[in-house]
Every structure is written in C-alpha cells, then in structure tokens.
C-alpha cells in the first residue's frame, strides 16, 4: 500500500486489456467546476463510488476499487487567472517588498513607535506575520538579523515584551520559542515552566481578553514544535487546546475567533504553507484599531494577496504542462485506477511556494500519480502472474522488456521508465552528477514492497506487526515521492547530505512511518471490507491477543504523536551537521502526504476536503 488505500487483487487469469468502469450520475455539487463528468459547460456530475467486478475485454473478471472518477479535465486551466501575471502587479509587489524591508529596519533604528518595553514582541510579530502570510522568502536577511537580536536577549526564563521588561511575558516567550526553534536556534522548552503554577497550570487571567487569548494561541502553536521527552510541551498543548476550545464557545465571531479556529484546525504536521497563507489573509489585521499598526498590516496584506495571485499565473503554466504529460502518456487509457495528478500538483504547490521550484512541483505530482496507478495495479487489477512478471522486468530498465507484458502493463512500464529518466536528467542539471541508478534502486525497492503485499493479499497471510510495518514504510511511497523531486531543486545534495535525508536516514524512516501509520488508521475499515486484512491495526491485534480495534488505534495514535516529535527533532536539531534547508523539503513532502489523510482517506475520496484544497489554493484568487 502506498499513499492510497487498496483492495484485493484478482489472482486468476491474466488480463491484457484495461477495463472501463461505469460512471453513475448522482446529486450535483453546488459549485460549478470542470470535471470529466461534465456533459456540457456548467453542469457538474458527481462521480460514482460504486463497487463492481466488470468483465474485461478478454473475458476475465477483475475487481475494481469502486473509486470515483477523475474530478478534473483540461477545462480546469480556464479557471486559473493570469491577470496578476502582468508586469504592473509585479512592479507593485517589488515596491511593497522594499516598504516591508523598511518596516524591519525601522525597528532597529529606534522608531518612536517602538521602545525597549515592546521591541522584542514587535520584532517577533513582524517575522511571524510574513511567515504566516507566505511572503517570508523576500526577507531572509531581515528575518535572520531580527531573530539574532531576539536570541541575544533570550534567558532561561524566556523574554519580556522588550529588552528592558522586568518580568518575562508568556506571549513573547511562547512566540519566541516557536520562531527561534523553527529557525534552528538552541532554545529549551523548559522556559515554559516559569509560567506554570504549582498545579502545572499555565498562568492566565480569567478575563479572557484578546491579549490573553493571543498568548494562549502562541502557547498552543509553540507546543506543536515539541521534541521527544519534552513533558512541558505536552502539558502546554493539553492546557492551550482546552482553553482555546472553551474560549471559542464564549467569544463573539471576529477575526480573532476565526484565527483561533484556524490554528486549532492546522496541526503542525499537516500544515501546508500556501493554505495557511490563504486562511491567514482572511483574518490578518481585520480588527486592528491602531492607525499605525493598521497601515503596517495593510502593506503586508496587500503584498500577501499579490504574491498569492501572481503565483497562480505560474501555476497555470505548470498545470498545463502536467495535463499535457498526463494526456501524452496515455493515462486516459488506464481506466482501472484513480487519477489524482491535479490533486498532487496542488499539494506540491502548497509546500513549495517559491516560484523557482517548478521542477519539484511537477516532479512530485508525476511521481505521486505514478505511485497511485501502481498501487491500484498491484492491489486491484493485476493478477499474481502479471505482477511477478512486471516486478522482474522493471529491474531490467529496458523498453524491450515490455514485449512479454500485458498491454496495460506495457503502458505503465514505459511511463515509469520515461519519468525516472526525465527527472534524472533534471537532477543531473541541478546536482552536477548522475543519480539515475540511485533513483532506479529506490523504485525497485518500492515495487518489491508492493509485490510482497500482493502476495500477502493473494495468500491471505497476516504478518506480524513488525514484518508488516517494515515493509509498509517502503510501500508508503514517501521515499520515491520525495527523492527525485528534491534532487531537481537548486539546493545542493552531495552524497553525505543526501544520505542524511534519504534512505536509510532517520528522517526518511520517520516520514515513511507516519505515512504508513496514519494511512492505515484512515483506510483499514474500507480495505478490510474489500477483503484485504493486513494493516497496522489488524497486525497489532494479532500480536496482542485480546486487544480491540480501539486498543490498536489508541496505541498507533500514540506512536504517531511520538513520530511527529521525532520528525521535529530530525528537522530542527540545532546540533545537526545538515542544514534545515536541506531537510525541509523532505519534511514538507511528509506534511503534504499526511494532509491527504487528515480527515479521511483523501486519496480515495478526493471530492470533499481534497477538492476544497484545490479550489481554495489553486483555482480561486484572493479578492482585493
């Protein structure tokens, strides 16, 4: 299993041709968007989710996954705006960038608006604002200087609002802890203990003022960046979660209440920077009454809106390229599988928001889409004989090896072959060395893990948890989804760095583990109903006689929590010899793929939250 759920494969006769799933028309969605279910512009048809066992063209009955059809067709391009690609908007953006840089500099020039009693929180506020609005890439030097200044005043008790503050401040300390830690500064979570009373509760007044609530918001946000063994961060998360949920029941609807709701919804390891920026744009500075602060938020907000919309013109070009690849590769002939290339491109655009990372976005979308097709081929459509043949032939990496394969497998063989070669050429341009054989080995290991699961399905074998989990981390697909796309970036990955972010590194192991664990908690019931027994849940129950599903889920959720903390440490360890910039995109791939499982199996049921993500971050511009 990969980043999708699975159903049992048929293991009888060999089939050489694809099946065609029937599509049933159900109730329409309220929003008009382009889909393959449209019979004419403006008419949306919800695709079918029915299960079936159709007879293929050569008379052999094969299972289908019952997944709904592709939600998007080529008309999606029409919905992407190119208006903000005009030079005038870019020129306005450049002027705003200069003005925001002046905002950073004005703090250091002792502007009358700032004083030694509030300068630390003001500095942290502007750094936090540009990061949450998705515009921080323009201010790397300013952010570094600002955080160096804040860190120079950091103490074992935290910091106050300003350099001359006598008493440490919870809001400043919590925001400082989070921001400094995310930038690799060695700050200890122990500072939070100074804000706890004897009962372990965090000191706050019962008045629930806006300032009080913002302190707890930042305490909650800081608690999510926990490292293994930090009990005070666990206590902070429990306290702040309860406090904020109760506060939402009492305070009136406002930008603050919406921000609190968004923060509680956006847990750290499924947080997508572009989605966060889109949501924060809607609440940033809405209720600001201070005239000078309002002028600052307006500049930041205008720049954030421009950046968001300008990026859409680039997305249109990239998506057009992806759709051509999908069509030219013949994916429309592969009717037994899900087609999620648009969804995967959206996820890529949400984690790699820098314009220069086009090859990463397209490479990630292509790799993930191929993973999905292979998953459905191994779990649903292929027979054991066909799959064993495909597994053996792919290791030859020779187009002539397709002669003995069924027609549908020939197509997939060549798609994989061409994609791996294409991205290897791009990687050689970026990295200055040949990585083709390295990438091929990663794909071979991945396909071997699929073959192992196919054998378990065919024989009805239920492995032990450890046996299943070790194979499942490979079959999660995280490694092959991340490896070649990151190598196409303008970030150097010499061998000594690559081995610290790719297999067999701890970072890769944990990222793969969380995808397998969370994926199984979202998919196991549907998989079991279709006849596939093996999952983390069922294997845990086998190893622990008498354990219930609830026991298994509780255990796995606890493991996931620990894995997230371990991932935080692998990314942010201040003593690591590997820079955060080299690890960040592997970490972000984990976040993107994990997002697909945040609410449900969003890769098999992509017409709810996953569809909403496409609409909000790809198709809809931000209004001015």
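Including glycine, each Cβ sits where the backbone N, Cα and C put it.
Taking Swiss-Prot as the reference, the stretch among 360-364, 365-369, 370-374, 375-379 described by the feature motif 'DDXXD motif' is residues 375-379. Across the residues of the motif 'DDXXD motif' (375-379), the predicted structure has a mean pLDDT of 93. Counting every protein chain shown, the number of other Cβ atoms lying within 10 Å of the Cβ of residue 527 (Mg(2+) 3 binding site) is 25.
Residue 375 (Mg(2+) 2 binding site) falls within a helical segment according to DSSP. If you take the Cα of residue 379 (Mg(2+) 2 binding site) and the Cα of residue 527 (Mg(2+) 3 binding site), they are about 10 angstrom apart, rounded to a whole number.
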